[in-house]
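K.L.:
What TrEMBL shows for this protein is this:
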type: ACT_SITE; residues: HIS117; note: active site, pros-phosphohistidine intermediate
type: BINDING; residues: LYS11, PHE59, ARG87, THR93, ARG104, ASN114; note: ATP binding site
type: DOMAIN; residues: 3-140; note: domain 'Nucleoside diphosphate kinase-like'
Amino acid sequence: MTMEQTFIMIKPDGVQRGLIGEIIGRFEKKGFSLKGLKFVNVERAFAEKHYADLSSRPFFGLLVDYIISGPVVAMVWEGKNVVVTGRKLIGTTNPADSPPGTIRGDYGIHIRRNIIHGSDAVESATKEIALWFPEGPIAWESAIEPWIYE
Ligand code: UDP
Ligand code: MG
């Protein structure tokens with residue numbers, strides 16, 4: 001079985017609103033495995049690098065202001081199809097269109113303040129993990145894996 005990794009970030013609004021435990025709990029309870037975790041204040045240049053693909057968008061400046069407005073929780077999660085399934089747990093970009101049961105659907109209202117980031121493809125996940133975790137993720141094997149996969 002090929003295991004995949006994705007980069008997940010709880011944005012400053014998620015942190016301020018006390019959703020760290022709730023969000024980590026959703027990924028844990030799904031069966032994904034935590035491979036990296038840090039609580040950090042991000043500098044402007046770093047946030048611009050993370051969102052470089054969006055630099056030509058009109059909301060880019062406001063997005064960067066938002067991401068550096070408070071500490072974020074940066075994580076690496078591992079599991080089968082974790083990139084796509086992680087995006088399903090998160091929901092759609094605009095919380096208004098995101099169904100209840102998704103993180104953004106349950107907790108967000110405004111398109112920018114949507115609580116959480118998740119890599120949108122395996123390729124971007126690899127890039128984002130390398131940017132946020134240059135030291136590499138933590139290698140460990142969860143003892144419950146045989147109860148999650150056959
Ligand atoms: N965003 C925004 N205005 C928009 C669209 C997106 O401020 O019109 C913000 C929002 O916080 C979003 C982030 O920019 O999560 C990155 O946008 P992207 O299209 O990559 O959405 P995501 O992949 O996070 O769903
Ligand atoms: Mg995106």
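Yeah, the Cβs are placed from backbone N, Cα and C, and that goes for glycine too.
TrEMBL labels come from automatic prediction, so no person has curated them.
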K.L.:
Take the domain 'Nucleoside diphosphate kinase-like' (3-140) and average the pLDDT across it for me.
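P.N.:
So the average pLDDT across the domain 'Nucleoside diphosphate kinase-like' (3-140) works out to 98.
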K.L.:
LYS11, PHE59, ARG87, THR93, ARG104, ASN114: which of these binding-site residues put a Cβ within less than 6 Å of any ligand 1 atom?
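P.N.:
Only PHE59, THR93, ASN114 qualify.
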K.L.:
Distance check, please: Cα of the residue listed as 'active site, pros-phosphohistidine intermediate' against Cα of PHE59 (ATP binding site), rounded to an integer number of angstrom.
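P.N.:
Cα to Cα, the residue listed as 'active site, pros-phosphohistidine intermediate' and PHE59 (ATP binding site) are separated by 16 Å.
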K.L.:
With H, G and I counted as helix, E and B as strand and the rest as coil, say where DSSP puts ARG87 (ATP binding site).
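P.N.:
In the DSSP reduction, ARG87 (ATP binding site) maps to helix.
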K.L.:
Across the listed ATP-binding residues, LYS11, PHE59, ARG87, THR93, ARG104, ASN114, what is the farthest Cα to Cα distance, given in whole Å?
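P.N.:
Maximum Cα-Cα distance: 21 Å.
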K.L.:
For a quick check of understanding: among the binding-site residues THR93, ASN114, which residue's Cβ has the most other Cβ atoms within 10 Å?
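P.N.:
Going through THR93, ASN114 one by one, the largest Cβ count within 10 Å is at ASN114.
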K.L.:
Give me the count of other Cβ atoms within 10 A of the Cβ belonging to HIS117 (active site, pros-phosphohistidine intermediate).
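P.N.:
Neighbour count, Cβ to Cβ under the 10 Å cut-off: 19.
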K.L.:
Please report the DSSP secondary structure of the residue listed as 'active site, pros-phosphohistidine intermediate', reduced to three states.
P.N.:
strand
K.L.:
Count the Cβ atoms, other than its own, that fall within 10 Å of the Cβ of ARG104 (ATP binding site), considering every protein chain shown.
P.N.:
23
K.L.:
When secondary structure is assigned with DSSP, how many helix, strand and coil residues does the domain 'Nucleoside diphosphate kinase-like' (3-140) contain?
P.N.:
62 helix, 28 strand, 48 coil
K.L.:
Is it possible to get the count of other C-beta atoms within 10 angstroms of the C-beta of LYS11 (ATP binding site)?
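P.N.:
The answer is 24 other Cβ atoms.
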